[in-house]
Structure formats: structure tokens, C-alpha cells
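K.L.:
The structure under discussion is supplied below as C-alpha cells; questions concerning it will follow.
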Amino acid sequence: MKPVIALVGRPNVGKSTLFNRLTRTRDALVADLPGLTRDRHYGEGRAGDRPYLVVDTGGFEPVAKDGILHEMARQTRQAVEESDIVVFIVDGRNGLAPQDKSIADYLRKVGRPIFLVVNKAEGMKYSNVAADFYELGLGDPRAISAAHGDGVTEMINEALEVAYAGQPEESDEEKQTRGVKIAIVGRPNVGKSTLINALVGEERVIAFDMPGTTRDSIYVDFERGGKPYTLIDTAGLRRRGKVFEAIEKFSVVKTLQSISDANVVILLLDARQDISEQDAHIAGFVVEQGRALVVGVNKWDGLDPHVRERTKADLERKLKFLDFAKFHFISAAEKTGIGPLMRSVDDAYAAAMAKLPTPKLTRALIDAVEFQQPRRRGPVRPKLRYAHQGGQNPPIIVIHGNALDAITETYKRYLENRFRETFKLTGTPLRIEFRSSTNPYADKG
């Protein structure tokens, strides 16, 4: 699982600037989940070959008793509890503040590695910057400038050394014996535990409410139709003997970790409840991560035909961006519709891992252009010459040509649909990248 780094500090010390630096902004997965993450952002970053998740908390007032500051403090505490590393940010220009001391008092008790970071330290002597903050009792302060990037790489590399050292590594044998990795995600009480029970069969899954979430990664191996699968813990499963207990408490961090670790995600929805923003945000995580996806609409049994039609219309309207995914109407409790659901899991995995030969891709591209050319931009019409595969899970198709920056989003979607149809890429996001050739004689007289 990707380690989680929580950025904590009083207001206006530069947490958001550091968050943007660590995630390179464009990689941010989602911001401000309504009703769930007031002033808390979740993003993904990478240092070399080591990925990580970052949580940007709101300004922390640990002694706030009520109102919005109290809510922000509660959200921050949850972020800290779900993290592997805490980066505590203070302001080098304004020096030590009483709030810093209150936050330090709280952090010393949480049992997480703490990295004390003095931001806005550009142009200042280290001894002057650090002097005030030693009294916090959190070790040597690390001086950085989030705005300019000074010291940030060294700090994050050091934090990741600690984070990855605390994670048990799977052996090569364990990795090879794993089947298709499936994450079942959804908001609480949509029936994740019931579906897990129906899939795993002989194991018992008990759902109950409990504050906090387990930090341990759990993989449950099972077979279905002679095929091996591995279920990733998404409901907060905890093994007790042969019993799996599911903590039905929604955690953004656990959901993000599970999605990024999976080969295929099953997004489970409740047919008896309206599609919520939270459902749409979880779906957005999946698309951003490029994961293969199957949607299960649970509790379909016994629904009035009019309710079924209304639910289908609601799905089509609110989850239109999931048009690449198969939707299945199931009952986990009655074990109906699960066979077709799992066949779509297999199809989505095959599509995500498909190998697309360059000659066939280029032929499909040429056919698409002959059927419908891209529009001109002024006197220039983009020329699409050839295509090759740039990656898997999700499939990436790289198209080469001239003036490709003039390609419209509408034409890009047209090409995506043509490639999907030609190569039967159902159930997986598809990325298309354009690379324009440069004219070597353009600057010569």
C-alpha cells in the first residue's frame, strides 16, 4: 500500500503550497469532499519509484471547542490517525507561535513519526531559522521553502525512507501467486461486506461500526470458476482466526490506497438510495488512477419497476463519465447477478492489460482519420501519422503527427471511441497522448 503523509500546521504556514509541490498539482485526485473533508485535500505524489499519498489538512486549532475550527480539528485528527508519517509545518519568518506548541503537544501522543519542517526559510541562516523550534521537542527542524522547492526533495525522501521501512514487503512468490487484485469500494452500508461474503464463500464477514480504521493491509485470496483472485481490504477487514470482521466506516485514505493497489475496482452502489456526491467522488478516484472498473448496483431484488427505471436514469445522468464501464444490477444478499459481475471483472482486467500492436493501432488510426478528419485551426489541419502503445493498466495510446496541439477534445473522444470499438476495450479508462513532430528546417533561412 502507498504510504500516507499528513501535512499538519496552524493556518497560513504553507501547507497548501507544499501539497501542490509534492503532488505537482495536476496529480491531485480530488479536493474538498462535501460533508466529509472540510479543508482536507488528497493527492498523489512520487519520489523516484516510490509513490505516496498526501493529505493536506485545514489550519489546525487543536483546542477549538465548537464551530468550523472544531470541525477542522476533528478532520485533522482523523487524517493524522490514518497517516504513516506526519509533516508538521511551522513558519520560519514569523517564528514560534503558541498554536505550534499546542499542536506539538498533541502530535507527541499520536504514535506516528513526526517530521518538523520550518517553511519560508529561503534566504535565512539555518541556525537562526531553527533556534526557536527546538523547544517543541520534536527533534531537529528541517528548513525548506515550499514556494521555491528548497529542501523539499531531501525532506520527502527522508520521510519515505521511514514510511517504507515500516511496511512489510511481499515476497516475489507471494506476488506471483496473487490472482487479479480486486478492490470493492463504496460508501458505508451499500453491502460491501455481503458481497465479499458471497465471493469468498467459506469465510464469514461481520459488519459493525467502530471508530478508526485498521492500518494493516489484508489480502484475501479466493477462487471462482477455477480462476484465482485476490481481494484487497477496502471495508477495513480484520482477521480474527478464520473470521473477517468488516469495519463499515468510510475512509478516504483506505479507499484511495485500495484503488491504487487494485487491478480492477468494483464500485458498489445502493439501488435503494440516490446516487450521492460521495459515490461520484469515489468513481472519480478510480478514473484518475486509471483503474479498470465494474459498477455493481446492489439491493436490486424486490424493487418496484418504476423505481428501477428512475434509478437507471439517475445513474446515466450522474455517472455519465463512467460510460466505459459495465453496470450490473445485483443482490449480494440473494447472490443474484454475481456471475455476470465477475465475468465483467475478467473482461475489464483483460482490456486494461491488452497488448496493442503498433501496425493495428496505426491502421485503426488511419481508418478513423479517413472516416472523419480533425478540424482545421486557422490554416493548419492536424496530421495524425501513426500510433503505438505507451503503457498498460490503463492502456495508453501515443499518437504521433504534426500540429497535434490543435486537436479538439471532441475529436480526442471520437478517437477514443474508435479505439475502444476496434480493440474491445470495455471496462478500462483509456489514455491518449499526442506527440507532435518538429520540423528540422523550420528555423533555417
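In case you wondered, yes, glycine gets a Cβ from its N, Cα and C as well.
According to Swiss-Prot, the record shows the following:
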- 3-167: domain 'EngA-type G 1' (DOMAIN)
- 9-16, 56-60, 119-122: GTP 1 binding site (BINDING)
- 180-353: domain 'EngA-type G 2' (DOMAIN)
- 186-193, 233-237, 298-301: GTP 2 binding site (BINDING)
- 354-438: domain 'KH-like' (DOMAIN)
K.L.:
Would you kindly give the Cα-Cα distance separating Lys15 (GTP 1 binding site) and Gly186 (GTP 2 binding site), rounded to the nearest Å?
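P.N.:
Gly186 (GTP 2 binding site) to Lys15 (GTP 1 binding site), Cα-Cα distance: 29 Å.
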K.L.:
List the same-chain residues at least 6 positions away in sequence whose Cβ sits under 8 Å from the Cβ of Trp300 (GTP 2 binding site), in sequence order, or say none.
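P.N.:
Trp300 (GTP 2 binding site) has long-range Cβ partners Ala271, Arg308, Phe329, Ile330, Ser331, Thr336, Gly337.
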K.L.:
Ten-angstrom check, please: count other Cβ atoms within 10 Å of the Cβ of Lys15 (GTP 1 binding site), all chains counted.
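P.N.:
I get 28 for this one.
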K.L.:
For the C-alpha pair, I'd like the distance in angstrom between Gly9 (GTP 1 binding site) and Asn189 (GTP 2 binding site), rounded off.
P.N.:
34
K.L.:
Count the residues of the domain 'KH-like' (354-438) that DSSP assigns to helix (H, G, I), to strand (E, B) and to coil, and report the three numbers in that order.
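P.N.:
The counts are 32 helix, 24 strand, 29 coil.
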K.L.:
Between Thr57 (GTP 1 binding site) and Asn189 (GTP 2 binding site), find the distance joining the two CA atoms and give it rounded to the nearest Å.
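P.N.:
With the alpha carbons as reference points, the distance is 27 Å.
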K.L.:
Measuring Cα to Cα, tell me the gap between Lys192 (GTP 2 binding site) and Ala121 (GTP 1 binding site) in whole angstrom.
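P.N.:
Rounded to the nearest whole number, the Cα-Cα distance is 48 Å.
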